[in-house]
Amino acid sequence: MSLLARYRIILPAVSLAVLLAATFWMQPRAMSYFGLNLLFNLAVPIALATIAQMMIIMVNDIDLSVGAFVSLVACITATFLNDAPVLGLAMLLALIVTYAVMGAVIHALDLPAIVVTLGMSFVWGGIALFILPSPGGSSPGWLRTLMTVKPPLAPMAVVASVVIAVVTHFLVIRSGLGTVLRGVGGNARSVQRAGWPVIRLKALAYGLAGLFGVLAGMALVGLTTSADANIALRYTLLSIAGVILGGGEFTGGKVSPTGAVIGALTLTLASSFLSFLRLSPDWQIGAQGAILILVLTARLVFRQKRAEA
Amino acid sequence: MTDHESAPIVALTEAAKHFGPVRALDGVSLSVAPGDCIGLVGHNGAGKSTLVNLVNGGLAPSSGEIRFDTGGTALGAGVRSVFQELSLCPNLTVAENLRISHSALKGPGWRRPARAEIRQSLDTVFPDHGIDPDAEVDTLSIAERQMVEIAIGFAPRGTEARLVILDEPTSSLDAGIAEQLLAHVRRFCAGGGAVIFISHMLGEIFDVATRIVVLKDGKVVAERPADGFTRQGLVDAMGHVTAEEGETSETARSFGAEIVRSPEGLSAREGEVVGLSGLAGHGQAAALARLYLSRTSSWHARKAPEVVFVAGDRTRDGILPLWSILRNVSISILQQGARWGLVDRAAEEATAAEWKKRIGIRTDDVTNPILSLSGGNQQKVLFARALASSAPVIIMDDPMRGVDVGTKQDVYAMIRAEAARGRTFLWYSTETEEVCQCDRVFVFRNHEISAELTGADITEERILEASFEMQEAS
Amino acid sequence: MTNPFAKPWIWSWVAAALAFALTLGLTSGRGAGELAYAALSFGAFAAIVGLGQMLVITLGPGNVDLSIPATMTLSATLALKAMGSDEGTALLGLVVALGAGLGAGLANYALIFLLRLPPIIATLAASLVYQSFAIWSNRGLRIKPPEGLADFATGRFLGLPNVAWVGLALAIVVWVVLERSVWGRWLLATGQQMRVARLAGVPVELVRASTYVTVAVFAALSGYLLASFSGGAALNMGTEYLLMSIAVVVIGGTSIAGGYSNVPGVWGAALFMFLVVSMLNSYGAGAGVRNVLTGAIIIAIVIAASTKKRGRA
C-alpha cells in the first residue's frame, strides 16, 4: 500500500535513473564531477521554473507566462539588480506581489487562467524588451559566484537541485499551509466549507509561483552572465512538461515538488544524453518529445495496473 | 414535544426555507438536547437535506428561528455533519484531511498530533479498521473513505463534537462495520453527545434512535419516542395515506417483443412504460445512463437513433445553455433531411413549431434563448427533443423535477399516446405517484433491483417497502 | 438584432478600425491603401491559424492546440522540399503540406484519445517531434518556392492580396459549416457540455477527432502560404503564431469556455493585431510598449467578457 501510495515519485525517479545509466554507459567519462556538472548545468533555473508552474497547477490552473516572466526577471537581474541593487530588489518584489494579485483576480472574477496568463506573457515580454532592447547586461558578481561555486562531493547543479527539492517538499507537502493549498486543488468546496478563505490561498499559491519564477530568472543570469528578453521563452513549455513528467496532474491538486525537480532534471539530461548518443542534433528536440510521450505512456500503463489491483 | 432535563444544543422554532416558490421546509420545530439520538426519516423531497443544512448552519432559514446554545453558531455549538456525498480532498492523506477542518493544528510537527487524533477517532468508532492515517484518500475504498469521513466528524478537532449529523452514513458500509458505527452512536449519546441519524435502513433507525421524526412535504408529520412506532406505522406515516386507488387499474394492454434487457435485470417490451423507483441515489440514474451509453456510440450517429434520453438534471445532462429553444429541440434529429451535411432548416423550424404547439412550450418565439424559459418549460423542450426523434426506446431520468401539475398531466397523456403507438419508455421518477402509472416497476436499493412489481402490485406501499430495508440490522 | 454592439465580433473590428484611423491620423491619410493591403496580407496567416484554433477552443475548457507552429514549419518545409523550386509543382506542394497537416492532426488526436493525455501536453509533446522532422528535412537548405507560387502568394486579385482571398474563403467555409451544417451544430453542442451532447446522441469523439485534424490542416495551409509568401521556410517561422492564434480567438469574441465560435471576430482580431503594431510603430513606440498593450487588451477583453456573463446570469 505505501509503495503504491507513493508511486507518483517512483516512476519519475526510475526514468531519471534509467536515462542517467544510459548516459554513463554511452559516455563513461560523464561519470565524474566535471561530467555531471556539464550534464546538469542548466538544470537549476529550469527546476525553479518548473516549481513555479507546479504552484499554479496545484490549484488547478495553468500558467502560460512562466517563460516570459523568467526572461523579464533575468533582464531585471542583469541590469537593475546589478547596477542599483535596492531598486532591482524592489522591482522583483513588486513582480511577486503582481503574481499574487493576478491569482486573487483570477479567482474572484472566475477568469480562465490560461488566457489571463497568456495576456500577461505579452506584458512581461514587453517590459523585458523595454528594459533590455538588445541582449546584454551582466550578472551581479555574488550571483555569478553563487551559481559557479564548486561544493565538495557533487557539483553545484546537483546540490542546488537537491536543496530545491527538499525545501519545496517541506513547503508544499509537509507544512500545514502547503497541505491546505493542495486541498484547494483537490476539493476547493470542502476547504471553503472548513472555513478557509480560498481567495487568499489562491493568491498565496500564485505568489509562491512568482517567487520561484524570480529565483529561476536570477539563477539563469548567474549561469549565463547576461540576459535578453527572449532568453527563457521555452521555459513555459519545459515547465509544464517537467511538472507532468514529475508525476503531477493538471487537475486535482496532485503535484510532487520532488517529482517536478526530477522532471526538470530528466528534461535537461535528455538533451545532454541525446548529444552523447551522437544523434544528429536534428533529432534532439524530437527525441525529447518522444521521451515525454514514452514516460507518459508508462504512467498510463502503471495507473491502469493499479486500477486493476 | 418532549421535555428535556438539559438545555437543547440546537432548537428550531417554526423554521421554514423557501427556494423561490418551492417550500422545501414549511415550518419545522425541533430541538436536540445532549443525549438525544434522533432518527430522521422521510421520502424523497420530504425536506431532510434542507433541515440538515439549517441545523449545520449551511443555510439560513427564510422564516422562523434557530438557536444554538453556545457560541450562537453551528460551529461554536459543536455541530458537525457527515454528508452522503464525499467531501474529502482525494489528493490528501487521511491525517491531512483532518488538518483541513482542524485549524488549531499549527506549526512544525503538526502531523504527529493529527495522525494520533484521527487514529484515535478511527479506533474509537471502528475498532480494527486497518486504515493507515498516511494513506492518500483516493487509494482507499469507498467504504474506507466513508469511515474516515465519519471519524473526522466525531474527532475533537480542538473543541468537542456535541451534535453529529449522519446522512446515510452506512450507505457504503458492510453490515459488520455499520454495526460498529451504530454501537458508537449509542455510546456517544449515552456519554452526553447528540446525533441526528438519517437512513433508509429502518432497522438501523430503530436500533439507535431514541426519538423518530418523520418529515413529509416539508413538515414534521410525526415525532415520537422510537418505541412509539412500529415499522409498518413508520412506512405509513411517510407515505400518502390518502392515495386514491383505481387510477392504476387500466385495462390490461398487450405488449410487443422484449426490446431492452440490461445486465442488472432491467427489461422492457415494445409499447411498455417501465418505471424505476426507490430512494434517490440508489443507482437508478446510473443504470439508465449505462443503458443509454451502451446502445449509442460516440463515434457515429445514426440517422434514426435507437434510444433517446430525457434528462432530469437539466444543467448537467440536458440543456445546451448557449442555444435557442429551436436548436435545443433539434439537436438529436439534425441528420433527418440533411443534405450535403447541411441542416434542413425549414424542416427544423417546422418540427420546433409543431412541438411548441403539441407540448405547449410557453414562448412567443422558438428562437428565444433556452434559458429564457422557466424550468418546467425547459423540461418540455427536452421532452420535445426526445419525442421528435423516431427512436423506439425513450429513457427518462427523473424528468418531472420542477414541472407544474398541469404540464405533468399533459406529458403523462403524451407518454401514454406514444406508448400506445408502440414506443417503449423507461422512466425513473422520485415521485411515487408517477411510478404508479407505469405498466411495470423496478425498485432499486443499494444499486440493485430489490423488487419487480406488475399490475395491481404497483402501489405506493409496496414500493416504499422495497425501498427501505425492513429486516433487522444484524 | 437592433443593437450591433451586442454582437461580440463587432469589438475586434471597431478596435481594428480605430488602430487604422489612428495610424493614418499621423500621416494625415497618406498611405491608407498600402496599410490596408499589408494588414490584409499579414492578417491572413493569423486568421487562418486562428480559425483552426477557434474550432479547437470551441470544444471546451482544456482544448487547445499548442502544435500549430511546429505543424506550420513542418508542412512548409516538406512542401518546399517536394517542390524543389521547380515550376508547375505548386499543387504537389499543396498536397504534401495538407498531407503533413492531416498526419499531424491524426497523431495529436491519437495521443489525446489513446493515451488519455490532456490536449495541452499531448500537442506540446507532439510538436517537439514535428519540429525535429522539420529540422531534419530542411537541414541547411534554403529552398525557394517555385516562382509561380511565390508570385501567387505575394500577388493580388481585384486589389486584394491573394492570401487574403484564401483566408476569406476559408472563413466563409468555416462560417457556413458552423452555422448551417450538422457537424457544426455537433461541435457547438459538444463544446457547451460534452456530457449533454453525448446524451443527445452527438458522436462526440468523432467531433473531437475531426476538429483536431482540421486545426492541423489549417496550420499546414497557413505554413505553406507563409513560406511561399516570404520566399522559403524558416525553422522559427511559426513561433509567433502560437500565442497569436490563441490571442485572435480570444480577442475575436469566441468563448474560452467553449460552445460559442465567432468567425468574423477572428478576422477582425487578426487585422487588429497587425494594425496595432503598425500604429504603435508609427507613433514611435518600441516593441516593449506594443507587447504590454497587446497583453493588457487581451486581459481587458477576458475581464469584460466575464463581467458581461455575470450580468446576464
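Just so you know, glycine gets a Cβ as well, placed from its N, Cα and C.
In TrEMBL this protein carries:
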TRANSMEM  A:7-26  transmembrane segment
TRANSMEM  A:38-57  transmembrane segment
TRANSMEM  A:64-81  transmembrane segment
TRANSMEM  A:87-106  transmembrane segment
TRANSMEM  A:113-133  transmembrane segment
TRANSMEM  A:153-173  transmembrane segment
TRANSMEM  A:203-225  transmembrane segment
TRANSMEM  A:231-248  transmembrane segment
TRANSMEM  A:260-279  transmembrane segment
TRANSMEM  A:285-302  transmembrane segment
For the transmembrane segment (A:87-106), sequence-distant contacts whose Cβ falls under 8 Å of one of its Cβ atoms, 6 or more beyond its ends: 59, 61, 69, 72-73, 76-77, 79-81, 113, 116-117, 120, 199-200, 202-207, 209-211, 213-214
For the transmembrane segment (A:38-57), distant same-chain residues with Cβ under 8 A (at least six beyond the ends): 23, 30, 63, 66-67, 69-70, 113, 117, 147, 155-158, 160-161, 164-165, 168, 172, 185, 205-206, 208-213, 215-217, 219-220, 223, 232, 235, 238-240, 242-243, 246, 248-250, 255, 257, 260-261, 263-265, 267-269, 272
Candidate ranges A:64-81, A:203-225, A:285-302 - greatest C-beta contact count to the transmembrane segment (A:7-26) (under 8 angstroms): A:285-302
Contact ranking winner - A:64-81, A:153-173, A:231-248, A:260-279 against the transmembrane segment (A:203-225), Cβ under 8 Å: A:64-81
Cβ pairs under 8 Å between the transmembrane segment (A:285-302) and the transmembrane segment (A:153-173), at least three: no
